[in-house]
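Reading through the structure tokens given below for one structure.
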Amino acid sequence: MFENTSEVIGAENVLKKGGWRIRVMGPPPEIRTGCDLVIEFPLVSELEIVRTLEEAEITPLQVVAVSDGLLEPVNVFFTTDYGEFLMVQAANMKITVDKRDLTVVNISGGGCPDVPYLAAQMVGRRLDQAPEPRSIGHTLCGYALQLAFEEITRKCLP
């Protein structure tokens, strides 16, 4: 468990770059404190993973052994084709692109404080030139938008 979603995103980036096989998940109800995300990894790797994170100056609040009860933050994408536009939704976040030139035309959903900033940075840019939400977002909405961004990129870019 981490202090906030920004730390989860940072930890995910560090661990994936280090070659660790991890998954970002929702915590079980008994340890949930709000809009939480946790990183799932094999318990036998705990010391190495915590050391890797501490070297990157990311310290988890706690490491908890959980046998079940983790929730997938997003495992279903909804795609809507509006003719000239394609929209992908992941959780409560949506991204829409113009299929003719792959320009991001809309970011919507959420309710988190960084959504307007994410939209301002991404709308009007081509998919291959827009910043990834994980690099500029700090909330669960930013994380969901990253998943939608990855899905729409898979669908639109070769």
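Yeah, the Cβs are placed from backbone N, Cα and C, and that goes for glycine too.
Because the structure is a prediction, the values reported are computed rather than measured.
What TrEMBL lists as domain 'Putative Se/S carrier protein-like' is 1-63. Positions annotated as domain 'DUF8182' by TrEMBL: 80-152.
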Exercise for review: Give me the mean pLDDT over the domain 'Putative Se/S carrier protein-like' (1-63), rounded to a whole number.
Suggested key: 85
Practice item. Using DSSP, break the domain 'DUF8182' (80-152) down into helix, strand and coil residues and give each count. Key: 25 helix, 22 strand, 26 coil
Review point. For the domain 'Putative Se/S carrier protein-like' (1-63), what does DSSP give as the number of helix, strand and coil residues?
Key: 29 helix, 7 strand, 27 coil
